[in-house]
């Protein structure tokens with residue numbers, strides 16, 4: 001084995017020279033230079049500074065403007081809540097531990113940080129699944145003129161939380177475990193060891209199949225069908241021009257969210273899968289730290305995409321920030337938006 005395993009940690013560094021110490025008790029500067037830990041702290045600070053205001057503003061603007069409280073927006077707000085979980089439960093902790101060079105909060109703190117980070121990521125993934133299914137049902141109409149209403153949105157929200165908890169909670173109760181990863185300043189699910197005492201191998205397989213592969217298959221199936229249907233409808237002119245434009249724009253926004261999610265999380269998932277399937281292989285702490293950087297950036301891209309691609313939300317946000325006046329001259333009360341005939345979504 002090219003790493004060092006302890007009772008509740010795995011350090012990707014051989015202890016042949018006797019320098020490895022518990023990441024809960026001692027600085028890990030033998031893994032990387034102190035300035036690299038400082039860079040990690042600076043990155044976490046940037047994510048907090050950007051992630052908290054933009055996600056909080058997304059929630060606040062929606063509360064302030066009744067016109068934004070549409071069923072589809074409930075799912076998008078769920079993404080903002082998930083991102084705030086990551087900001088408060090993950091980024092603030094990693095910022096503090098990076099400044100100290102090790103995970104100062106101990107195994108209990110590691111469990112909490114790993115739980116909130118995993119919960120936030122899974123809520124985001126399953127929210128994208130619900131959005132994909134909504135787009136598929138509304139645009140492709142496999143169930144005739146189905147209308148995505150408030151009850152369906154609430155059921156979708158419940159699904160995201162149930163599935164996220166089904167992934168994040170088991171390591172807290174003995175099925176797998178959370179351990180420090182990368183530079184040992186943040187925690188995640190143990191991909192590094194088989195750990196038969198906590199049936200780690202079965203959990204990792206379960207997580208990759210149920211909480212990563214299946215959601216991606218659903219998403220790609222829905223959008224594959226959706227792209228085909230939109231092209232076919234455009235060719236046959238089955239819908240009005242306004243409806244077609246609205247459906248296309250909402251669909252484009254959600255697809256961009258999915259692509260951004262893959263950019264953020266696919267490197268992390270791929271590296272984690274490689275580590276798990278190559279037990280004991282030689283890899284350094286940076287090997288897992290860099291993909292984690294991409295994953296953590298997920299907290300800021302969803303609201304940015306939504307604000308940039310949704311004119312109605314953008315106008316409402318500017319009105320809120322500018323004390324009731326839109327500097328672009330678009331009167332909130334007279335803002336014209338394109339609503340789809342089936343889903344009542346107002347995209348850009």
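Cβ coordinates come from backbone N, Cα and C, glycine included.
Going by Swiss-Prot, the topological domain containing residue 17 carries the same name as the one containing residue 101, and both residues are therefore on the same side of the membrane. Checking the ranges 181-202, 203-224, 225-246 against Swiss-Prot, the transmembrane segment annotation falls on 203-224.
Checking the ranges 6-26, 153-173 against Swiss-Prot, the transmembrane segment annotation falls on 153-173. As annotated in Swiss-Prot, transmembrane segment covers the listed stretch 37-61 rather than the other ranges in 37-61, 312-336. Within the same chain, residues 72, 75-76, 78-79, 81-86, 88-90, 93-94, 105, 156-157, 159-161, 163-165, 167-169, 171-172, 178-179, 186-189, 211-212, 215, 218-219, 222-223, 254, 257-258, 261, 265, 295, 298-299, 302 sit at least 6 positions outside the transmembrane segment (111-133) and bring their C-beta atoms closer than 8 Å to a C-beta of that stretch. In this structure, the recorded positions 110, 187, 322 were compared by how many other Cβ atoms lie within 10 Å of their Cβ, and the smallest count belongs to 322.
Per-stretch counts of Cβ pairs under 8 Å to the transmembrane segment (37-61) identify 74-96 as the leading one among 74-96, 153-173, 203-224, 253-274.
With respect to Cβ neighbours within 10 Å, the recorded positions 279, 323 differ, and 323 shows the lowest count. Using a Cβ-Cβ cut-off under 8 Å and counting only residues 6 or more beyond its ends in the same chain, the transmembrane segment (74-96) has close neighbours at 40-41, 44-45, 47-48, 51-52, 55-56, 58-59, 62, 104-105, 109, 112-113, 115-117, 119-121, 123-124, 127, 130-131, 134, 150, 153-154, 156-157, 160, 164, 185-186, 296, 298-300, 302-303, 306.
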